[in-house]
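Note sheet for the following structure.
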Amino acid sequence: MSVNAESLMQPNQKNGLFSWLKTWLTTVDHKKIAVLYLFGGGLFFLIGGIEAMLIRLQLTAPENHFLTGSAYNQVLTMHGTTMIFFVAMPMIFAFMNAVVPLQIGARDVAFPFVNALGFWLFFLGGIILNLSWFLGGAPEAGWTAYAPLSTEYLGRGMDFYVLGLQVAGAGTLMGGINFLVTIINMRAPGMTFMRMPLFTWTAFVTSALILFAFPALTVGLFEIFFDRLFGGNFFNATNGGNSIIFEHIFWIFGHPEVYILILPSFGILSEVISTFSKKRLFGYHSMVFATILIGFLAFMVWVHHMFTVGLGPIANTIFALATMAIAVPTGIKIFNWIFTMWGGQIRFTTANLYAVSFIPTFVMGGVTGVMLAIPAADFQFQDSYFVVAHFHYVIVGGVILGLFAGLYYWWPKMFGRCLNETLGKINFWFFFIGFHVTFFPQHFLGLMGMPRRYFTYLPGEHLTTLNVVSSIGAIGMAIGVITLVVNIVYTFVKGEKAEGDAWGTGRTLEWSIPSPAPEYNFAQTPLVKGIDTYWKEKMDGNKKVTAAEPLGDVHMPSPSIMPFLMSISLTIVSFGFIFSDKGVHRTVSFAVAGIGIAMMLGCMLVRSIKDDSGFHIHKEEIIETEKGMSK
Amino acid sequence: MKKWRQSLRLLPLFLAALALSGCGKEGVSALKPEGEVAKEQASLMLISLLIMIVVVLVVGFLFTYAMIKYRKRPGQEDYIPKQVEGNTKLELTWTIIPIILLCILAVPTISKTFALSDNNTSKKSDVLKIKVTGHQFWWEFEYPDQKITTAQDLYIPVGKKVEFDITSKDLIHAFWVPALGGKQDANPGQTNHLWLKADKEGTYKGRCAELCGSSHALMYFNVKAVSDKEFKHWVKDMKAGMKSAPDKDRVLTASAKQGEEVFKNNCMSCHAVGNKGGQIGPNLTNFADRDNIGGFEKHTKSEVKKWIKDPESIKPGAKMPKFGKKLTDDQINALADYLFTLSVKQ
C-alpha cells in the first residue's frame, strides 16, 4: 500500500470509492499523511492565491471600486491567514512527514495516531475558517487580529478566525511535539545528532519553536474568545483592559512563527544545493549552530513588530540590537551555501533553480529586515508597503521558493515519478520573475507614503505606475502556479518512473530505498556510518546501506478513523461557539458545543480503552515487495 | 548562468539610487522629507541602505561567480568534486565581518532612536503642544494651550518643534505624516508622544497607518504648515470662533439661515460649531476653510451634499447616519450653504 500515482489518482478498482476514502481517512502512515498535508496545503494555496489576485486587481487603479472597505479587508485578512497558517505550515509538515523519518532511518514517526490527528485538525480548522465566506462574511482584522478591532468592532467573521485557528493550532502543536520525540528517539543506530541531515536538524529546531510559540497564540486566541463571547474585557481599555497586551502575546507567537516557516526551507536548501553540487554541505557544524542560534534569537525580537506602539527608546533599541544579531547566523548560512556550490559540479534542475534563486532573493529580504530593525527609520517603514515587500521577499522569496525546491526534489520519493523538467522550468521562470516584478516596486510604494492594508490610493500621489507594475508581476506568478498544477497533473498521467536514488547524486538515507518508499520504509534498519551515509556507501562501492539488523517481520500501527472523528467533534464545538449570539439562541448553540465536547471525550475514551497493538508485515511479504520495486 | 543575470544583480542598486534621488510626490512621500525628523530618518535609511548594498553586491558576486564557474559541463558525468568539510578561517571571516558592519550600524541606530524619541528637553515656550485623537475614521486636533479644538486640517507653524500627544477614542490608529516624519500608534487608554518639525510652508498629507476598520484607507488628514505670523493669526481667529456661538457675528443669506436651523435640529447633537454642540463628530468651526471633505474628497458643495445624504457612500463604515431620507433636498442644500459659511478667516 505504498503511496504512488495510481493509488492517489484512482480508487482501487476492486473495492471502489469507499475503500479509497477509507484508506485516506484512516491512514496513520507518515508518507500518506505527508500527501494529505501537501494536497490540503495546495488547495488552500490556490484559494489564497486567488485572494492575492483580487487584491492586486483592486490596486491596479487609484480609487478603484472593485473591492472596497469591509470586502477588501476580508480578502486581505483571509489571504494572510490562509497563506501563513494553511499553506506554509502544512507544506512544512508535508515535507517533515515525507522526509524526516526516512532521513533518520525510522519506520514511522513516534506517534502515528497523533500525527493523523494533527493533520485532520489543521485541515478542518482551515475548512472552518473558509466557511466564513458563506456564513456571514470572513474575518477582517488582518492576520494579526489586533484588539480591540477584533474584539469589539467586528462581527461573526472574527469568531471563525478565532476558532478555526484554535483548532488548526492544536494540530500544529501536536505535530511539533511529535517530531521532537521522533527525532530524539527514533534515529537509526549510528545516526548521532551531529550526523543528522540538515533538513532533519531544521525540522527539529522548528518543532521546538512550535512547542514554545504556539501556546502563546492559543492564549491570545482564548482571550479574544472570552472578550467576544463573555465580555472578558482583557483588551477593553474603557473597562480597565489593555489592547497592547494582545500585540505582545501575538508577536511572542508571531515572530517565532516566521522562523518556524523559514527554518525548514533553510534545511531543504541545504539538501538540494548539496545534492546538485555533488558536494557535501560546507560548514555542517556552523550550519547546525546557526540554526539553533536563529531558533533561540527568535524569541528575543518580537518587539521589532511594535516599534511604533510607544514602548520607549530603551525597549526599542534593545530589541533592535537583538534583531540585528540575527543577521549574523543567517549570513553564515548564506555563505555556507555559496561555498557548497564552490568547487562543486552544479546541475540546474528545477529543484536546484528554485534553491539557488532563493539565495539572492532571501538576501534582499534579509537586508531590508536589518533596515527595518532600526527603530528611528522603522517609524517610516512600519505598516507601509515597504514592510509588505520585505515579508513577501522572505516568505515567498524565502519560504515558498524553498518549499518549491523541496517539492521538485522529493516528489519522486513521495510519488515514484519525477515532475516534468520542461514544465518545471517554465513554472520556475514565470514564478521567479513574476515575484520580483510584483514585490520589488512595493519597497518604493511604501517609502512614497502608501500604508499597507489600504484598499485604495488617491490619484496624483505618484503611486499608480508602481502599483500597475506590481499587478502585472502578479499575473506572472499566477501563470507560474498554473504551470505547476499542469505539471502535477501531467506527471500523474504520463510522468517518468523514478529510481530509488532519483537524482543519481542522493546523499542521505531517503535515497537508499525505493521510490516511492514502501510502507515499512526500510526492510532492515540501516546502520549510519557518518554524515551523508548513503553517499559514503556509494563511494565505497556499495549499492545498499549496511543494515543494522537481520531481515524480520516489521511491526506497523493500525489505521484508525478516530483522528478524523475527533477533529469533526472539535469542528462541531467550534460551530456551537461561532453561532452563540446572546439570548435564547445561546442555549441552543452551547448545547451544540456540549455535544461536540461529549463526542470528543467519547472518542478519547474509546481510544484509551481499546487495546490495539497494530499488525506485522511478514518477512516473506517484504522480500516479495522489495523484489517488485524499482531500485 | 547567462551574462544578463549578472547585470540583473546591479538592478537593485540602480533602482535604489533612482528612488533616493527623489521618488514620490512632494508632501506625501517619505523620500522627499520636508522636516527635521523625516530628514534624519531618510539619512538613516540611506546609511543602512548603503551598507546593505555592499552586502548584496558581495554576496551577489560570489554567488554569480560560483554558479557560472562550477556549473556542470557536458562530459563530466564521472567527475566527483572534492568533498570539503569546511574552512575555519573563511567561516570566521563571514561571521566577524557582519558583526563589525552591524556594530557600525548600531551607533546611529541607538543615537537617532533616542534623539527622535526625546520629548521633554526643550523649554515649554519653544514648543507647540497638540493633542491628537484618532476616531473611526477622522482625526481630532486639540491645542491645549490655545484652547482650540479642530479636526482634519492641522495647522502648525514652520520651523517650530511641535509635540504631539497621541491617543485614540475607539481602537488603534496610527498617526503618520510621511513627509514630516515617522508614525506613532494612537492607542485607546494610553498617550504616546511624537515630535515633528516642518521646514517649509505647504500642505502635507497625513494618514492612518494601523488597520482600523472599513475606511482605514480613507482616514486622511492635512497638515498645513504656515509661517509663524500666519499661524498666530489663525490662532486668534480660531479662538474668536471657538468662543462665539454660531449664531453671533455672522451675516447669513436666507438659505444659510434655513441651513443653520436644520443644523441645530439635526447635527448639533454630534457636531460642535464654536463652543456649542456635541463632541462625537468632528468640530466644524472652520469647516469652510478646510481642504477636503472627509479628508480626501474635493471641498465642494456637491460633495458635502453627497456626504450628508449617505456618508457611507464616501467612507464605508462611517458612524454618521444617512440624512438622505430624513431631510429634503431643499434642507440639504440649505445645510450645505450654511456649512460653507463656517469660516474663521477675517
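From the backbone N, Cα and C atoms, a Cβ is placed for every residue, glycine too.
Copied from TrEMBL, the annotated features are:
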- A:18-529: domain 'Cytochrome oxidase subunit I profile' (DOMAIN)
- A:34-55: transmembrane segment (TRANSMEM)
- A:112-135: transmembrane segment (TRANSMEM)
- A:160-186: transmembrane segment (TRANSMEM)
- A:198-226: transmembrane segment (TRANSMEM)
- A:249-269: transmembrane segment (TRANSMEM)
- A:314-339: transmembrane segment (TRANSMEM)
- A:351-374: transmembrane segment (TRANSMEM)
- A:386-411: transmembrane segment (TRANSMEM)
- A:423-445: transmembrane segment (TRANSMEM)
- A:465-490: transmembrane segment (TRANSMEM)
- A:561-580: transmembrane segment (TRANSMEM)
- A:586-606: transmembrane segment (TRANSMEM)
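Mean pLDDT of the predicted structure over the domain 'Cytochrome oxidase subunit I profile' (A:18-529): 96. When Cβ distances are compared across the two stretches, the transmembrane segment (A:561-580) makes no contact with the transmembrane segment (A:34-55), since fewer than 3 pairs at least 6 residues apart fall below 8 angstroms.
Using a Cβ-Cβ cut-off under 8 Å and counting only residues 6 or more beyond its ends in the same chain, the transmembrane segment (A:586-606) has close neighbours at 562, 565-566, 568-577, 579-580. Long-range neighbours of the transmembrane segment (A:465-490) within the same chain, counting only residues 6 or more positions beyond its ends whose Cβ lies under 8 Å from a Cβ of the stretch, are 45-46, 49, 52-53, 56-57, 59-62, 404, 419-420, 423-424, 426-439, 441-442, 444-445, 448, 457. Here the transmembrane segment (A:351-374) does not lie next to the transmembrane segment (A:198-226) in space: the count of CB pairs under 8 Å, restricted to residues six or more apart, is fewer than 3. Long-range contacts of the transmembrane segment (A:386-411) within the same chain: residues 38, 83-84, 88, 91-92, 95, 98-99, 258, 261-262, 264-266, 268-269, 271-272, 275, 349-352, 354-355, 357-358, 361-362, 364-366, 368-369, 372, 380, 417-419, 424, 428, 431-432, 435, 438-440, 442-443, 445-447, 452, 484, 491, 503, 510, each at least 6 residues beyond the stretch ends and with a Cβ under 8 Å from a Cβ of the stretch.
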